[in-house]
Structures are given as C-alpha cells and as structure tokens.
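K.L.:
Feature table excerpt (TrEMBL):
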BINDING   B:Glu137, B:Asp168, B:Gln194, B:Glu242  divalent metal cation binding site
BINDING   B:His432, B:His505, B:Glu582  Mg(2+) binding site
DOMAIN    B:429-573  domain 'VOC'
2 protein chains.
Amino acid sequence: MADARRVIATVCLSGTLEDKLVAAAAAGFDGVELFENDLVHSAWSPARIRRCCAELGLDIDLYQPFRDFEAVPPDVLRANLRRAEAKFDVMAQLGVDTMLVCSSVSPDAVDDDELAAEQLHLLAARAAERGMRIAYEALAWGRFVNTYEHSWRIVRRADHPALGLCLDSFHVLSRGGDPSLIRTIPGEKLFFLQLADAPKLDMDILQWSRHHRLFPGQGAFDLRGFTDAVLSTGYAGPWSLEVFNDVFRQADPRPAAVDAMRSLLLLEEQLGLPDAGLAPAPRLAGYAFAELAADEVSAPRLAAALAALGFSRTGQHRSKPVELWEQGDARVLLNRSTADESGAEGGAAIGALAVESADPARSARRAAAMLAPTLPRTRGPEETELSSVAAPDGTAVFFCRTGADDTTSWLSDFAATGSERDPGTGVTGVDHVALTQPFDQFDEAALFYRAVVGLQARPATEFAAPFGMVRTRTAADETGSVRLALDGTLVRRGQWAPAVRHPQHIALRTDDAVATARAMRERGAPILRIPDNYYDDLQARFDLPPERAAALRELSILYDRDEHGEILHLCTELLGSRVFFEIVERTGGYAGRGEVNAPVRMAAHRRQRLANGGWGTV
Amino acid sequence: MADARRVIATVCLSGTLEDKLVAAAAAGFDGVELFENDLVHSAWSPARIRRCCAELGLDIDLYQPFRDFEAVPPDVLRANLRRAEAKFDVMAQLGVDTMLVCSSVSPDAVDDDELAAEQLHLLAARAAERGMRIAYEALAWGRFVNTYEHSWRIVRRADHPALGLCLDSFHVLSRGGDPSLIRTIPGEKLFFLQLADAPKLDMDILQWSRHHRLFPGQGAFDLRGFTDAVLSTGYAGPWSLEVFNDVFRQADPRPAAVDAMRSLLLLEEQLGLPDAGLAPAPRLAGYAFAELAADEVSAPRLAAALAALGFSRTGQHRSKPVELWEQGDARVLLNRSTADESGAEGGAAIGALAVESADPARSARRAAAMLAPTLPRTRGPEETELSSVAAPDGTAVFFCRTGADDTTSWLSDFAATGSERDPGTGVTGVDHVALTQPFDQFDEAALFYRAVVGLQARPATEFAAPFGMVRTRTAADETGSVRLALDGTLVRRGQWAPAVRHPQHIALRTDDAVATARAMRERGAPILRIPDNYYDDLQARFDLPPERAAALRELSILYDRDEHGEILHLCTELLGSRVFFEIVERTGGYAGRGEVNAPVRMAAHRRQRLANGGWGTV
C-alpha cells in the first residue's frame with residue numbers, strides 16, 4: 001500500500017472531463033476511473049483523452065460502469081456482447097485494461113447464478129482476447145446479486161483468469177455487511193477497490209449512495225476495518241475513491257480533489273502504512289492566540305469591547321499594526337491592517353488561529369504532507385519564524401509556542417506595553433472558537449482540521465435557526481484543550497438571507513458566568529440582550545431557583561443542561577459585520593456548546609443590526 | 001369549509017416572528033399557529049404579539065407544540081403540569097385557546113393507554129378552567145402512540161370536553177395510514193387540522209417530515225381524499241398548513257406565504273367547495289406565442305437565427321419595437337426593448353409566454369383569484385387589451401386568442417410586413433418551452449402553473465449534469481397542447497458555476513428532424529455540435545440502422561427511445577447568455593423530452609462559450 005496507486009473516479013468531481021483531469025492531476029493522483037458519461041460528453045476522442053492523461057501523469061485505471069450484463073436470455077446476451085465489444089474498442093483507444101461490470105438491476109435478468117457465471121465467463125474470455133479484464137461488482141441494490149459474498153461465489157464459479165471482483169466499501173458497509181469475509185478472497189482475484197464513506201442515514205440505499213457519499217474519514221463507516229481486510233488478502237491494485245455527492249458535484253473540482261487526496265493519506269496513516277512524508281500530529285495544549293483582522297471602522301469597536309470584557313492590551317507587534325490583548329490564558333491579536341469585507345458596519349473577521357504545539361516544526365511538516373497550502377509570510381529581522389497554513393475557509397492556522405522564556409515563542413515579536421494589567425472580569429482562557437464554513441467546504445473542513453491539526457470531529461447535528469437549517473459539528477484534540485466549532489447551512493443561502501453571513505466567534509472561558517457577566521456589564525461591555533420570552537420558557541422547562549433565574553434574566557445569560565452538567569453562556573453584540581465574543585461557564589462535564597440557544601442568539605443579533613440600521617431584509 | 005379559516009403555522013416561513021406575521025397577513029391568511037420557538041426568540045411580549053396580530057387581521061389559532069406530556073410517573077407529571085400552567089399563562093396573554101399536545105417520544109413515558117388518558121384528562125381539566133382546550137396529536141414517530149386511531153382511542157377514553165384530536169395529514173399519510181376511519185370521528189372532537197403534502201421518499205419518517213414536507217398539491221399525498229374524510233365528520237375548525245421544508249425555511253417568507261395560500265385555494269377547488277372568486281381554468285389550445293426579450297447585442301443574432309431556422313418576419317408591433325416571427329403554428333416575438341441581463345455575450349431571455357385560452361377573460365379572473373400578480377401594461381390606442389400575470393420566476397404569462405378573424409386577437413396589434421412567407425424548414429409549431437427556475441421557486445412554480453394556468457405537473461426526476469445534479473418536471477394541459485418544462489438545481493449553485501445560469505429554451509416541433517436539420521444547416525443555422533463519442537455510445541446502446549446512425553451523427557441530432565416511441569432532437573448554440581432553440585421530432589408517443597441527453601447538450605454549450613471566450617471557470 002505504501003506504493004499503492006492513488007486513484008479517483010471522475011464522477012467524484014464537478015465539471016467537464018478536462019476540468020476533472022486537471023484537478024485530479026494537480027492533487028497528485030496517479031490515475032482515474034473514467035466514468036463513461038464523462039467520456040461521452042467530451043469532444044475529445046479517446047485517443048486524445050489518453051494523450052491528455054499521459055501529459056498530466058495520469059493513468060486510466062478503470063472504465064466504468066458497464067451495466068445489466070449477466071443472467072439474461074440469449075437475444076439480450078447477444079446485444080450485451082455487441083455493446084461490450086464497442087466499449088472494448090473505446091477502452092483500447094483509451095489504453096485502459098479493466099472494465100467495471102456491476103450486478104444487474106435489469107428486468108431482463110433472471111435469478112440464476114449458473115447462468116450469470118457462464119455469461120460472465122464468456123465476457124471475460126472476450127476481454128482476455130484483447131488483453132483486458134472484467135471487475136464484477138455487487139451493487140447494494142442489485143436485483144439478485146447485492147452482496148460481495150454473492151458476487152464472489154459467481155466469480156469463483158465462472159472461473160476465468162480475466163474475471164475478478166471489484167469491492168466498493170459503500171456497497172458492503174451500507175448494507176451492514178461483514179467485511180471480515182473479504183479476508184478469505186485471494187488478493188489476485190480482487191481486481192479493483194473503490195472507497196467511499198457516508199454519514200449514517202436511514203433511507204433508501206440507492207438514494208443514499210447517489211447523493212450522500214463522502215470521502216473516507218468524513219462519514220460514519222469503518223473504512224479502516226474494511227481496508228484492513230482488503231490489505232490482508234495481498235491486494236496490490238489501485239485504491240480508488242468513488243464518491244457521489246450533491247455538493248461535490250457542483251463545487252470547484254480543484255479543492256475537492258485535494259480533499260479527496262487528503263482523505264486517502266489519512267486512511268493510509270490510520271492503517272499504519274509507511275509514508276515518508278507523514279509525521280504524527282504533535283500533542284496540542286490549547287490556543288496560543290486568535291487573531292482578529294479589522295478595518296478602521298471595526299478596530300476601535302473591537303479594542304473598546306476587549307477592554308470592557310476585561311482584556312489588557314499587553315503588547316504591540318514590533319513591525320506590524322497588531323496589538324496583543326490578554327486576560328487569563330486568553331490571547332487575542334487585533335490586527336488593524338486588514339479585513340475581508342468592509343462596509344458601514346465595519347469589516348472584521350477571525351483571520352488566524354494559533355495552537356500550542358509540542359513541536360511546531362513537526363506540525364508544519366505534517367501540515368505540508370497533508371496538502372495544507374502554506375501561506376506566505378513577511379518576517380522582520382529578528383522576528384520569530386512562524387509559518388501558517390490556510391484552512392479551507394481561508395483562515396490562517398499557526399502552530400506555535402507561547403512560553404515567555406522560550407526563544408522560539410511568538411511573544412518575542414511583541415514589545416510589552418508596560419501598562420498595568422487589568423484585574424479582568426474572570427475570563428480564564430479560550431473555551432472554543434466557532435467558524436461558519438462556506439457551504440461547499442463543510443465536510444472538507446472537518447477532514448482538514450483532523451488531518452492537518454489533529455482535531456477529531458464529532459458527528460454533525462442540525463438545528464432550525466430563524467433563517468434556515470444549520471448544521472454544526474465540534475472538533476477537539478484528545479485532551480479537549482483545542483476546541484473548534486464548524487457551522488454551516490443545510491441549504492446554501494440565497495438572496496433572502498437577512499442572517500449574518502458566516503458568523504464567527506471566540507468563546508471565552510469563565511468559572512463564574514454570573515460574576516463575569518456582572519463585571520462586564522459594569523464596564524459597559526456590549527452584551528447581547530436576550531428577550532424575556534426566553535427566560536419565561538427557560539423557567540417553564542427547568543424550574544431554576546428564583547435567584548438563579550433572576551440573575552440569568554437580568555444579565556442576558558443563556559442556559560442549558562444535559563445529563564452531565566450545565567452551561568451558562570452569554571454573547572456580545574456583533575462587533576463588525578460578523579464577529580462576536582461569547583463567554584462560557586461549564587459545570588459537571590456539559591459536553592456541548594449550548595447549540596439549543598443558537599437560534600435565540602441569531603434572532604437577537606438580527607435585531608441588533610436592524611436597530612443599528614445595519615441591514616434590512618435584503 | 002367555504003368559510004373555513006385559512007391558517008398557516010409560523011414554522012412554515014423563514015425569518016423572525018415579525019417577518020412571518022407580516023407575510024402571512026399579506027397573503028390573506030386568517031390566522032397562524034404560533035410555533036413556540038418563534039415566540040421564545042421574539043423580543044415582543046405575548047401581549048404585544050397579540051396586538052400586532054390583531055392589527056394585521058390575524059388570529060392566533062393554536063399554540064404549539066407541547067411535548068412529552070402523557071403516560072409518565074407522578075413526579076414527571078407534576079413537572080409537566082407546572083410546565084403546562086406556565087404555557088397556559090402565555091396563551092392567556094396571547095389570547096389563544098387551543099394548545100397542541102403531541103404524543104410522547106420521551107423515555108419517561110410508559111405504554112399505558114389508561115394512564116395516558118387519565119393524565120390527558122387532568123391536563124384538559126386544567127385547560128378548561130382557563131377556557132382553553134387541548135388538541136392531542138399522534139406523531140408518526142411517537143414512542144407508543146403513532147397513529148390517529150390510537151390517539152382517538154385515548155381521547156375517547158379520557159372523555160373530557162376540553163380534549164380533542166389534532167389531525168395532521170403528514171403523520172397519517174406518511175405511514176400509509178387509511179384516512180377513511182376519520183369518518184367515524186365526531187366533528188366536534190376534531191379540534192384542529194394540519195395539512196402538509198410530501199414527495200414520496202423512502203427514508204426515516206422523522207427526517208422526511210423535518211426536511212421535505214410541501215404545501216398541498218406539491219407532493220404525492222392524496223390530500224383530497226384525506227380532507228374529504230375530515231369534511232365528512234362535520235369538522236368546522238381551521239384548515240392550517242404545517243410544513244417543515246429546508247428550502248422554505250431559508251426563502252423569502254412573502255412569496256412562500258402566497259404559495260401556501262394558493263395551495264389551500266387549489267385544494268378547496270378540488271374538493272368542490274364553493275368559493276365565489278374562483279372560475280375553472282378554461283380549456284387551452286397550444287401556445288399563442290413566446291416572447292424573447294433581447295438587448296442590442298443579442299437581438300440581431302436572434303433575428304438571424306430565426307431566419308436561418310426557417311422563420312419569417314411577418315409582423316411589426318404598431319407601437320413597440322417587437323417583431324412577430326412565424327413558421328407553421330410557431331410564433332415567436334422578438335422584443336428589442338429589454339433584456340434581463342446584458343453583457344459581452346448579449347442579454348436574452350424568454351420574457352413572456354402566451355397560451356391560447358378558450359376564454360381569456362375567465363383565465364385572467366382565475367389567475368387573479370389564484371393570487372397571480374397582475375403585471376402592468378401600457379397599451380396604445382386601438383390595441384388589444386392583453387393582461388398578463390407574473391410567474392414565480394418573473395416570466396409574464398398571457399392568456400389570449402390568435403385567430404386572424406378574431407377582433408380580440410393579439411395579432412391585430414401587429415402590422416403585416418407584407419414580405420413573402422419563407423417556405424420554412426418543416427417546423428410545425430411549439431413542442432414545449434423549458435424554463436429553469438430559481439432555486440427557491442421550484443416547487444412554487446409547479447403549483448403556480450397548475451393553479452393559475454391549468455397545467456398538471458408530473459413528478460420531478462433527477463439527472464446528473466456536468467456541473468451538478470438537476471431536477472426536472474414537465475407540466476401540460478389535459479390534451480398536451482401546452483407543454484412546459486421546469487428545471488432546477490438540486491443544490492443552489494455557488495461561485496464555481498461554469499454552467500449556463502437559468503438556461504431557457506423554446507422547443508419547436510417537426511415531423512422530420514433529419515430533413516429539418518438538413519434544411520437548417522443549409523441555411524447556416526447555428527446548430528450545436530455534438531461530439532462523436534456520443535454517437536459511438538448511442539450506436540453501442542441502440543444498434544440503429546447504419547444510414548440512420550450516420551444521419552444523426554452528421555447533423556448533431558440527439559436520440560432516445562422508450563417503450564412507446566422515439567425522440568430525435570437537436571439544439572442551437574446559445575443565442576445570448578442563456579437562450580437557445582431546440583427542434584424536436586417525436587414518434588409513437590415518446591413521453592419525455594430527451595432528458596437523458598441534457599448533460600451532453602450542457603457540456604456542448606459550455607464548450608461553445610469557452611470557444612467564444614464568453615466565460616471561464618469563474
């Protein structure tokens with residue numbers, strides 16, 4: 001497997017065949033499965049496609065699919081063989097030697113393994129005459145053959161050297177199949193391996209397969225167990241991704257191909273296969289900092305808000321217009337030089353995240369091996385060498401060390417302001433950072449943070465927000481020191497989208513939300529006002545002690561509890577077009593982040609913007 | 001029912017409560033079901049919401065939902081009653097007297113109808129003390145109670161005048177329930193009726209319900225049979241829409257509320273209920289014309305293309321820069337005054353469709369009754385009075401008469417050019433018109449054309465196109481004289497969208513596609529070139545006679561066949577940013593429109609644009 005060919009089916013990617021081939025090659029794939037329709041729609045002749053692939057360094061590892069071949073009456077067999085010969089002609093021009101035949105769904109087919117084996121033998125013999133071979137695949141919804149055990153019985157019975165199996169993880173795992181029997185198949189009879197993951201969904205398998213497949217590591221399937229069984233057979237053929245997904249089908253194929261390759265690299269690592277380029281992700285120890293990029297309208301508001309939240313401006317970057325603000329272990333950089341989108345409301349965004357890495361250099365090597373794009377950085381003389389990579393939404397991710405005694409610490413780039421440290425409001429650190437992902441990047445982002453940073457994502461959940469459904473998943477390192485929330489919309493927003501687009505926030509930790517909220521209020525912090533109706537409902541649901549209930553209501557603190565404990569949290573108003581702060585107190589191991597309260601916060605943020613005249617209903 | 005209250009649940013619509021109430025009132029609803037979260041998220045007190053509703057002319061007909069109440073241990077019951085009393089307080093302030101209690105999904109509940117009935121009796125007694133009542137609903141995924149028959153047994157057993165049933169068509173029909181037993185329930189024990197349709201999907205019912213409900217007439221459920229059974233009981237309460245749908249949840253609530261109201265009006269009509277405003281849709285007899293709006297770049301290209309396709313310029317509008325082009329019964333207006341989007345490629349769009357109505361005035365009355373927005377029209381002296389309405393995508397729809405002898409014919413607005421009539425290329429009329437719908441309007445459009453124009457839509461189908469999944473449905477009048485295709489994307493396109501946005505085309509009919517294509521080619525018509533790979537595949541699949549196959553390939557004619565017959569069709573290049581013509585020959589009752597060939601056409605149109613330098617990969 002260390003030198004297994006990495007292959008992607010053209011059907012995974014959006015665009016014309018030309019778009020797909022360029023994207024697959026750029027992401028480093030060794031070859032492609034050519035999906036027949038991509039060829040049929042192309043103006044390039046098979047010979048030209050072959051030349052183009054060769055120039056791009058791509059082999060064509062499979063021609064697919066050939067449907068509804070086996071176990072049919074003689075007249076249909078004749079037509080099917082004629083059809084196959086025409087495809088063999090095309091394959092010869094393309095220079096591809098393996099054809100995928102998937103188990104029949106045709107009303108012409110009969111339930112007769114003997115006949116199926118006999119006809120597949122015939123097809124394999126025809127293929128062999130041309131130096132080609134047939135990989136037979138059991139579709140999960142095949143009419144009579146829908147398990148790999150069944151397709152293997154037929155292949156064994158057919159007994160032709162040019163006939164073998166194609167195994168597709170989706171077809172096996174979607175039916176709850178047991179992959180351990182794969183171990184009994186001789187590796188030389190496995191002609192092709194297709195890999196796809198998927199979320200756990202209770203729906204028609206064909207629809208599930210057509211619309212919701214994911215790259216390995218993005219779904220709920222045990223791809224590791226499946227591929228481990230395949231490896232045990234001695235299989236030495238291509239590892240190919242075949243993913244049908246509504247989002248990938250319409251997204252830019254270039255990042256999608258990189259996402260696909262990253263999923264294969266991660267799977268290889270999980271299998272413990274050697275790959276020189278990879279280094280295990282170093283242990284993390286919390287956020288080093290989060291950087292806010294702000295324009296001239298937002299920056300003063302953010303600075304005022306940070307002060308009112310109890311932060312102290314402790315440092316000034318030696319060469320850039322960047323301030324360091326600290327409270328407890330929470331460090332926020334305020335970068336006054338940039339903002340992604342300005343306007344009357346002021347542009348502000350979380351431009352960068354930095355995590356404390358036990359070995360920043362190794363983290364950077366791993367990120368590069370996992371295909372994270374390295375960001376250019378201008379460094380002044382005597383400044384720390386800090387490298388960063390771009391997450392799928394463009395956020396810069398730094399790996400660094402903060403220790404004040406450490407000569408490699410990024411802190412040494414900042415000159416101390418020397419001003420007295422504010423006693424603060426009780427904020428002790430960063431609880432999590434929440435980033436709403438671009439619609440096309442939701443699944444890609446989770447895989448990126450897992451592969452590149454080492455954060456394991458939990459399954460996505462959904463909730464109904466005032467302006468549409470939202471899905472959310474959290475990711476964290478092993479010890480929970482770095483927590484990240486990735487949100488996204490279930491439907492890409494259209495023109496009527498009065499919600500905040502791509503909201504982002506930094507959630508700060510406190511041990512006493514009530515005291516912190518009170519201190520912040522006294523300092524005039526712009527705390528988001530939560531309506532009385534919320535507290536009436538809260539009281540109906542939870543029957544809190546009266547003083548507790550009154551304090552929450554008075555201070556606009558949101559509340560939830562689960563079987564482990566409680567969360568008390570409050571938010572600031574929007575500070576610029578899409579950034580705000582949250583303050584979080586957790587007790588007793590409450591696991592979530594108060595998602596149940598996200599809709600009331602969203603409605604309140606909209607009111608704030610309407611009140612500010614910031615925006616109407618578009 | 002003629003004077004039944006028309007109600008909509010706030011959960012159907014996107015936005016804050018304020019947005020939803022305004023939209024519901026504007027669409028003419030009498031009342032709303034107030035979804036609890038909409039209240040909880042609102043900054044308005046219940047009393048203020050009550051006043052706002054009163055000002056808008058809306059009642060609040062239901063407070064919903066109250067969950068997980070019945071069949072629980074004593075301590076949970078105590079907490080549940082306390083929770084209910086808090087909600088009764090809110091209801092009193094809102095002025096609403098009916099609360100929806102849905103069957104429990106709680107792990108606290110036990111399977112004990114006696115206990116459920118006893119506790120619901122207790123709740124009803126508490127409600128009655130306040131002049132309120134409880135509508136008990138069986139959720140299709142209720143833990144123990146998940147059919148209306150079961151909820152009715154419990155309500156009967158509880159035997160309290162303030163306890164009745166809420167029936168929801170989704171919960172009944174999604175489980176394949178038999179609505180005929182509804183007829184045995186006394187109308188006075190039906191406290192509330194919720195209506196929702198849905199497409200036929202094989203998936204977890206809760207997910208189906210949460211994401212895919214539709215307004216009546218947009219899905220596959222027999223709402224007519226269901227409501228007929230409800231009517232037979234003597235039910236005289238509100239008819240309320242409760243639809244959870246991912247698209248509606250993020251779409252502008254104003255058109256969504258109109259769409260909802262239109263669905264109720266159509267349902268009332270189907271039930272044969274009297275309503276003064278409605279008039280049956282008059283019989284149609286084909287397209288009178290289709291109007292192309294074009295800017296100065298596109299108009300000359302379109303005129304040249306029409307001439308090359310064999311059309312004659314037969315008329316000139318007396319007061320507007322609009323030309324009439326005719327061939328056979330196909331009439332195309334070329335309006336040189338407008339275009340929706342201009343650019344280097346030229347702006348052109350199908351601005352209007354006109355259908356031949358047996359009674360244009362009645363068609364217009366019906367359109368108004370079905371809430372179609374009337375478009376303003378400037379009319380010169382002595383010009384025909386033509387009124388038009390706007391379809392959801394903005395296309396103007398005219399109802400008119402064409403007969404040359406008819407003084408009310410729109411033709412009299414055109415002065416004959418007097419030039420000799422071109423013998424043409426064999427085009428005999430319009431086969432269909434295809435309009436790609438805005439993402440948010442796909443389901444709304446089908447209902448609009450059904451209710452307003454009288455075109456019955458067939459179920460939507462999907463296909464994989466080069467730039468993402470496409471869904472498509474066709475609609476036609478009873479005799480098939482007016483055929484319309486509505487296309488849409490399954491996922492709203494994002495930034496990487498090199499496909500043509502919202503393509504539109506007019507499909508012309510011929511009895512001999514080969515002869516017509518040859519004639520068009522001789523005249524230099526801009527026929528879209530289809531690649532050889534397509535024909536190689538076609539021949540592998542269909543084994544056509546050699547001369548036939550050669551003619552299709554030579555003339556870039558697309559082909560398909562089904563169990564009834566064949567289709568031969570060809571397309572022009574794009575003439576402007578998104579408009580083209582298709583020429584169609586059908587034999588033997590082929591029912592579709594060659595959708596299987598849409599992807600190869602899309603890829604070819606993209607190549608045309610790339611070749612023209614018209615656009616890159618965005």
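Each Cβ is built from the backbone N, Cα and C atoms, and glycine gets one as well.
Note that the coordinates shown come from a computational prediction; the quantities given were computed from them, not determined experimentally.
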K.L.:
May I ask you to report the DSSP-based helix, strand or coil state of B:Glu582 (Mg(2+) binding site)?
P.N.:
strand
K.L.:
Quick one: Cα separation, B:Glu137 (divalent metal cation binding site) versus B:Glu582 (Mg(2+) binding site), in Å?
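P.N.:
A Cα-Cα distance of 52 Å.
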K.L.:
Spatially speaking, which of the binding-site residues B:Asp168, B:Gln194, B:Glu242 is closest to B:His505 (Mg(2+) binding site)? Use C-alpha to C-alpha, please.
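P.N.:
Checking each of B:Asp168, B:Gln194, B:Glu242 against B:His505 (Mg(2+) binding site), the shortest Cα distance is to B:Glu242.
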K.L.:
Could you please provide the mean pLDDT value for the domain 'VOC' (B:429-573)?
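P.N.:
Taking every residue of the domain 'VOC' (B:429-573) together, the mean pLDDT is 96.
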K.L.:
Whole-number Å only: compute the distance from the Cα of B:Glu582 (Mg(2+) binding site) to the Cα of B:Glu242 (divalent metal cation binding site).
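P.N.:
Cα-Cα distance, B:Glu582 (Mg(2+) binding site) to B:Glu242 (divalent metal cation binding site): 41 Å.
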K.L.:
Take the C-alpha atoms of B:Glu242 (divalent metal cation binding site) and B:His432 (Mg(2+) binding site) and report the distance between them in angstrom, rounded.
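P.N.:
B:Glu242 (divalent metal cation binding site) to B:His432 (Mg(2+) binding site), Cα-Cα distance: 35 Å.
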K.L.:
Roughly how many angstrom lie between the C-alpha atoms of B:Gln194 (divalent metal cation binding site) and B:His432 (Mg(2+) binding site)?
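P.N.:
Their Cα atoms are separated by 37 Å.
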K.L.:
Is it possible to list how many residues within the domain 'VOC' (B:429-573) are helical, extended or coil according to DSSP?
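P.N.:
Per DSSP, the residues of the domain 'VOC' (B:429-573) fall into 46 helix, 50 strand, 49 coil.
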K.L.:
B:Glu242 (divalent metal cation binding site) has how many other Cβ neighbours within 10 Å of its own Cβ?
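P.N.:
Here the count is 28.
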K.L.:
State the Cα to Cα distance, in Å, between B:Asp168 (divalent metal cation binding site) and B:His432 (Mg(2+) binding site), rounded to an integer.
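P.N.:
Between the alpha carbons of B:Asp168 (divalent metal cation binding site) and B:His432 (Mg(2+) binding site) there are 38 Å.
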K.L.:
Count the other Cβ atoms sitting within 10 Å of the Cβ of B:Glu582 (Mg(2+) binding site), across every protein chain shown.
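P.N.:
That number is 21.
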K.L.:
Near B:His432 (Mg(2+) binding site), which residues of its chain come within a Cβ-Cβ distance under 8 Å, counting only those 6 or more away in sequence?
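P.N.:
The answer is B:Thr474, B:Arg483, B:Leu484, B:Ala485, B:Ala507, B:Val584, B:Arg593.
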